[in-house]
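Below you'll find the structure, written out as structure tokens, and then a few comments.
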């Protein structure tokens, strides 16, 4: 296989020899996969502290940034409900994110480097928050496109940065209750508005603008943290500049599409799309059908705080639990919990101000989402170790596709139908995942038997 050693210009504009990147080429119908070879290094204690500091700042910046972004997105179906402006914007965001994941990541990372790519991508999200002060199609749609096109390079740069760092370290009336029970929860259907249910009356514009101001400040803080707080990643073999051959544009598209020829990629697609579907359901349908309809729009934040805390804790412990319980056991437990939650929510009769249930739903959903994201994301690295960029691109591509489908059907189907769709996709996804795990274990046992002989 022909390989190329990449020579890239570092952040100080000095020419240095980059770590060899074996980039994929096509040879007939067979794809020759890539490897990212990082020579083993022994760092001094100070250098290891710098790596840890970078990881912490990246995590903190992403937490602040996406608290603002998801906080705004979770309100779109309720606050910008007129002419489906909010859900249309979300569909545009994730639709453009699909194109971004295919064409932009390696080109942008090659031009600007991993560090600057993440910083600039953070900046690209800010107009989306600013547009909330004047929410119109002509303001939100272009801002949504900026988010989508910035998201592809952002996530690939983040995955690459952390992968490299990881390689180096190791009470109302009865009539009101009846109204909520009949119209909210799984029984909610598009078309039910504030004229039928007062809980769906949007907050005062001044409150929304105050919230948007806070979110915009959060994004500015995240950008400053990323730009000034993270050291250049050139020391880990990722530098900025030109390459003789790279996975940009059409080549990344080719590598991404060619992974679809592999049985492993096809089998992992349903669970990947499920992640996008469940995130879209949470952001649009759960917040409106359950929390806003049953508890009030102003209380969406409380439920999402429960989701965020549980999501962060679950994501933090998922890796350790996978190592202790086994990856397959953890996925099976998560699937059982997720299916049980969806089934319970499907038969649950919504009650006004039933905040304990709404917050519990959000928290359990957060646990499941945290586990899915960590396990499936890491599984892509295991399945495609020689095609990391194309693998991560496929992950974001099909997750975003699931999100787009979720946002498109949000204004078309009743909540109960969408919940049953989620359950179906989850079952199919788990079947595909289980099949892959079975074959991986089968190959491992065969290899062990060969070695014993």
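Any Cβ shown, glycine's included, is placed from N, Cα and C.
For the ranges 181-203, 296-318, the feature annotated in TrEMBL as transmembrane segment maps to 296-318.
As annotated in TrEMBL, transmembrane segment covers the listed stretch 419-436 rather than the other ranges in 401-418, 419-436.
Per TrEMBL, the range carrying the annotation transmembrane segment out of 84-104, 147-167 is 84-104. Per TrEMBL, the range carrying the annotation transmembrane segment out of 111-130, 231-250 is 111-130. Only sequence-distant pairs (6 or more apart) were considered; of these, fewer than three Cβ pairs between the transmembrane segment (330-350) and the transmembrane segment (51-72) are under 8 A, so the stretches are not in contact. Highest Cβ contact count with the transmembrane segment (296-318) among the listed stretches 51-72, 111-130, 266-284, 362-383, 419-436 falls to 362-383 (criterion: pairs under 8 Å). Here the transmembrane segment (51-72) does not lie next to the transmembrane segment (362-383) in space: the count of CB pairs under 8 Å, restricted to residues six or more apart, is fewer than 3.
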